[in-house]
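Lifted from TrEMBL, the feature list:
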ACT_SITE  C2  active site, nucleophile
ACT_SITE  K605  active site, for Fru-6P isomerization activity
DOMAIN    2-218  domain 'Glutamine amidotransferase type-2'
DOMAIN    286-426  domain 'SIS'
DOMAIN    459-600  domain 'SIS'
Amino acid sequence: MCGIVGAIADRDVVPVLIEGLKRLEYRGYDSAGIAIVAEEAVRRVRRTGRVAEMEAAAGAEDFHASLGIGHTRWATHGGVTEGNAHPHISHGELALVHNGIIENHEQQRERLLALGYTFESQTDTEVIAHLIHHYQSQGHDLLVALQHAVKELDGAYAIAVISKRDPQRMVCARMGCPLLVGLGEGENFVASDVSAIVSATRRVIFLEEGDTAELTREQVRVFDASGAEIPRDVHVSDVSLASLELGPYRHFMQKEIHEQPRAIADTIEAIIDRNSFVSAMFGENAEDIFRDIEAVQILACGTSYYAGLTARYWIEAIAGLPCAVDIASEYRYRQVVANPKQLIVTISQSGETLDTMEALKYAKSLGQQRTLSICNVPESAIPRASELVFYTRAGAEIGVASTKAFTTQLVALFVLTCTLAKLHGRLDAEQEAEMLEALRHLPGSVQHALNLEPQIVAWSERFAPKQHALFLGRGVHYPIALEGALKLKEISYIHAEAYPAGELKHGPLALVDAAMPVVVIAPNDKLLEKVKSNIQEVRARGGEMFVFTDQDSHFSESEGVHVIRTPRHVGVLSPIVHAIPVQLLAYHAALARGTDVDKPRNLAKSVTVE
Ligand code: F6R
């Protein structure tokens, strides 16, 4: 969603701001803007649409300065208009960018109107700019004015502010939305995501909840929620520039689909090196916690939720522990029956998803303190709020549609399953060796599935003109059908639904006719014969079938039944391999329809609002 970048330096920071905003584009946005302090004036340029359009406007207006802030906005309060785009300015003196939502903005607006402020936008953000200006006008310096203002805000924010009254510094604040400070040589930066500033510096301080900070060229000072100056750790980011570049690929989604063998190999590297499922990989106290728990509760959204649904089959069958999986936005508002002996597992690629974070907080507030985060972004909010952490090593995922994050989440959940099984006496040495062997072969099996791309391209051309599609799976492959339908709808805009194949006759069969393609995930597992019968039910109604199966399933092509064979059955890890063809199908169908694959309409990469 929204992105922030800011810089104070001895050089022109405008190119830094523009590059930073371009690196934040992947998060999803609908307008962009920058503000600078130059020659004792605040200047601003904003545009709806792409950063490139705003860049051209900044070029035309000869924007140069050594202090500035920039923003990509994903509209929440107020439509997609230039007037609602950030930065927002108060009294021509102070400019501010904001991520998050201010819940008490209406009350603040009333108060500020009474104080004589006028409003130019429909956003919740503008009140913050006026509030800080109000405190500045009472004689406080910029930092103190910010500290007073944020005390009056309810909701979530990451804020960066510059003022022409104080042209030698920038101030920022964080509550509920990520914000970090980048440390350079004689220059300093602020950003909502390290990728925005990684070409300028890798040394970063992740601000904590309630922190404010003051940046000059030479110095950064951080203050905690009480206003006391506090030292915060400096981290060196290992985000690689290569993961942020497209390279020879047409889209990030295509690149990330093809990176999966490497992403999986990196994620399992430590396990393969140790040749053992070791609980210490989840954190210091993991062994005690894992031994003590009696059940697992998974919380996540979207694709990450489907990873959780897949894991339920593994955790119950292999580790023998009851496992519940909930959509985070539902769990957080349900009257949950708490179980302190339950391990709360959150799954989030970004580590920022607001609903998942709130579900975690709610679970903890009910006395469920054993928490594990499976996440792809180090130091993000959700792992920081969890006792145990397993980082997937997928590398930066830029395409809005999750691909390599999903398969590495599945790998992490499989490792969790085996570790729990071992500690609960359900995995002897021989079985552990078998599971490790299966993992070792996984990157190769995924590569074989990727090699099916030419056949899938041919299928996708038949899909592209369709309006609707059905996806079917059973057992552990049902969540892969759900994921296939989600991928197809979010990037190609073809309406797609997934059902457990056995459920077809209870309703959805009514939808099947010759115009409805039906994708079936049907590997050679114990439910194969059942799936074959379900396929007959569809064929009998004239539906056209597209079946992904494995080499040893003896599935034959017939009229209206098309078959693509994935590699030999890879046993328990089969859902991971079968995620690949459904990703490729969605990607190529979207390509054929000419949609914006990496930035599908209305969607954002990190969903930091409710
Ligand atoms: C779909 C997709 C989303 C995310 C969901 C959760 O391709 O990417 O459904 O999975 O928004 O995001 P994270 O995993 O960052 O919490």
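Just so you know, glycine gets a Cβ as well, placed from its N, Cα and C.
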For K605 (active site, for Fru-6P isomerization activity) and C2 (active site, nucleophile), determine the Cα separation and express it in whole Å.
10
Tally of DSSP helical, extended and coil residues in the domain 'SIS' (286-426):
65 helix, 27 strand, 49 coil
For the domain 'SIS' (459-600), how many residues does DSSP put in helix, in strand and in coil?
71 helix, 31 strand, 40 coil
Give me the mean pLDDT over the domain 'SIS' (286-426), rounded to a whole number.
96
Take the Cβ of C2 (active site, nucleophile) and count every other Cβ within 10 Å, whichever protein chain it belongs to.
28
Just how many other Cβ atoms lie inside 10 Å of the Cβ on K605 (active site, for Fru-6P isomerization activity)?
26
